[in-house]
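To start, the structure itself, in structure tokens.
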Amino acid sequence: MDLSRFETDNSVSCRLVSEIPDVCRTEDCCLGIDEAGRGPVLGPMVYGICFCPVSKKQALKDSKVADSKTLTEAERENLFQKLDEARSYVGWALQVLSPNTISTSMLQRTKYNLNALSHDTAIGLVQYALDSGVQLKEVFVDTVGSAEKYEDKLSKLFPAIDVTVRPKADSLFPIVSAASICAKVARDRIVKGWNFAEDLGDVDTDYGSGYPNDPKTKAWLLKYLDPVFGYPQFVRFSWSTAQTLMDSKGVTVHWDDEDEDGEKAAQRQNNKSMLAYFSAGGNDQNPSRQTHRFFTERRLKSLDTL
């Protein structure tokens with residue numbers, strides 16, 4: 001699994017694909033869909049599809065694929081290796097949704113929630129398989145939201161395909177289990193080898209499971225919270241855990257808007273406005289405070305006059 005396309009720029013989403021087996025272009029195929037990393041506050045969410053000829057369902061089952069959450073990391077890696085060795089009849093594709101993509105989608109002016117993002121990503125992967133010539137006849141999906149509504153939605157979009165959406169589909173259908181393994185292996189490798197674009201020095205990678213209720217994850221979030229610029233792009237800043245820490249530990253800033261004079265609003269809130277901060281002398285009232293690296297690296301200074 002070559003992750004270099006995503007690692008080149010992990011601030012955006014990326015699609016990673018295997019070769020399409022020739023047999024999948026000539027025989028009726030089944031396809032499974034699952035994701036890894038929906039809940040964590042750290043790292044990407046990875047959506048995966050896996051497909052093979054219907055005639056190879058038993059062979060896939062005999063490989064002992066199972067829900068990735070029930071397997072150890074070593075077991076997942078071993079099973080992914082088996083899937084890779086079966087490349088003559090098994091194919092896969094992954095959509096890696098970066099933390100930045102997830103957060104900006106959820107916080108944009110027109111809300112785009114995680115369920116909608118998940119649905120659209122899954123639909124895009126099915127369409128990719130069809131556009132690649134895979135002869136899809138059956139699709140099995142681990143549900144997001146109401147299974148009945150999701151199944152109806154997919155069936156209307158792909159009327160020629162028999163769609164089955166079930167809770168815990170990754171434990172019911174081997175082809176979904178295979179997709180789950182592909183997605184989880186990719187996410188684990190990405191998280192383990194994350195390239196921090198920010199200058200954080202020697203980064204502590206002991207961030208636990210990445211889930212918001214993990215004490216190690218909370219400690220890591222607190223350690224790497226910049227009071228002005230927030231979090232590195234490894235963090236989903238739209239998650240309530242991250243937002244709560246930013247609200248309590250970050251610097252309070254009032255942004256000028258059209259509805260109220262910025263200076264007056266800042267005074268009312270006993271706060272300094274952005275305009276006052278960058279005005280003459282405004283940046284020197286506390287000489288002991290160090291200038292943030294964003295300004296020093298770019299050789300930026302406050303000016304008294306233009």
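Cβ coordinates are placed from backbone N, Cα and C, and glycine is handled just like the others.
Small disclaimer: the values here were computed from a predicted structure and weren't measured.
Record features, source TrEMBL:
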DOMAIN    28-251  domain 'RNase H type-2'
BINDING   D34, E35, D142  divalent metal cation binding site
Q) Judged by the number of other CB atoms within 10 angstroms, which among D34, E35 is the least packed of the binding-site residues? A) E35
Q | Additional residues around divalent metal cation, ordered along the sequence, whose Cβ is within 8 Å of the centroid of D34, E35, D142 | A | I33, A36, Y47, G48, V141, V144, A169, D170, V176, A179, S180, A183
Q | the domain 'RNase H type-2' (28-251) [mean pLDDT, rounded to integer] | A | 92
Q: Quick one: give me the count of other CB atoms within 10 A of the CB of D142 (divalent metal cation binding site).
A: 25
